[in-house]
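Novice: Let me begin by handing over the structure; questions about it come next.
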Amino acid sequence: LAAVDCSEYPKPACTMEYRPLCGSDNKTYDNKCNFCNAVVESNGTLTLSHFGKC
């Protein structure tokens, strides 16, 4: 099972770095920062489906 450590998040701003992750909501997030901010917003209901685009 793929996992991402989001303990340092949320962050006020994310870089434009493109390292896509696919969330359990079937949405592609541009990078870990964008994904982790969404995880925090979802109160932990959002999880990582896999690395790479959905």
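Each position is counted from 1, following the chain as shown.
Every residue, even glycine, has its Cβ placed from backbone N, Cα and C.
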Novice: Of ASN26, ASN43, which one does Swiss-Prot label N-linked glycosylation site?
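Specialist: Out of ASN26, ASN43, Swiss-Prot attaches the N-linked glycosylation site annotation to ASN43.
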Novice: If you follow Swiss-Prot, the disulfide involving CYS33 connects it to which of the following: CYS14, CYS54?
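Specialist: Candidates were CYS14, CYS54; Swiss-Prot matches CYS33 with CYS14.
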Novice: Among CYS6, CYS54, which cysteine does Swiss-Prot link to CYS22 through a disulfide?
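Specialist: Answer per the record: CYS54.
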Novice: In whole Å, how far does the CA atom of CYS14 (disulfide bond) lie from that of ASN43 (N-linked glycosylation site)?
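Specialist: Cα to Cα, CYS14 (disulfide bond) and ASN43 (N-linked glycosylation site) are separated by 19 Å.
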Novice: Could you round the CA separation between CYS33 (disulfide bond) and CYS54 (disulfide bond) to a whole angstrom and send it over?
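Specialist: Spelling it out, the Cα of CYS33 (disulfide bond) and the Cα of CYS54 (disulfide bond) are 17 Å apart.
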Novice: Please average pLDDT over the domain 'Kazal-like' (4-54) for the predicted structure.
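Specialist: So the average pLDDT across the domain 'Kazal-like' (4-54) works out to 97.
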Novice: So among CYS6, CYS36, ASN43, all listed as recorded positions, which is physically nearest to CYS22 (disulfide bond)? Use the C-alpha atoms.
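Specialist: Nearest listed residue in space: CYS36.
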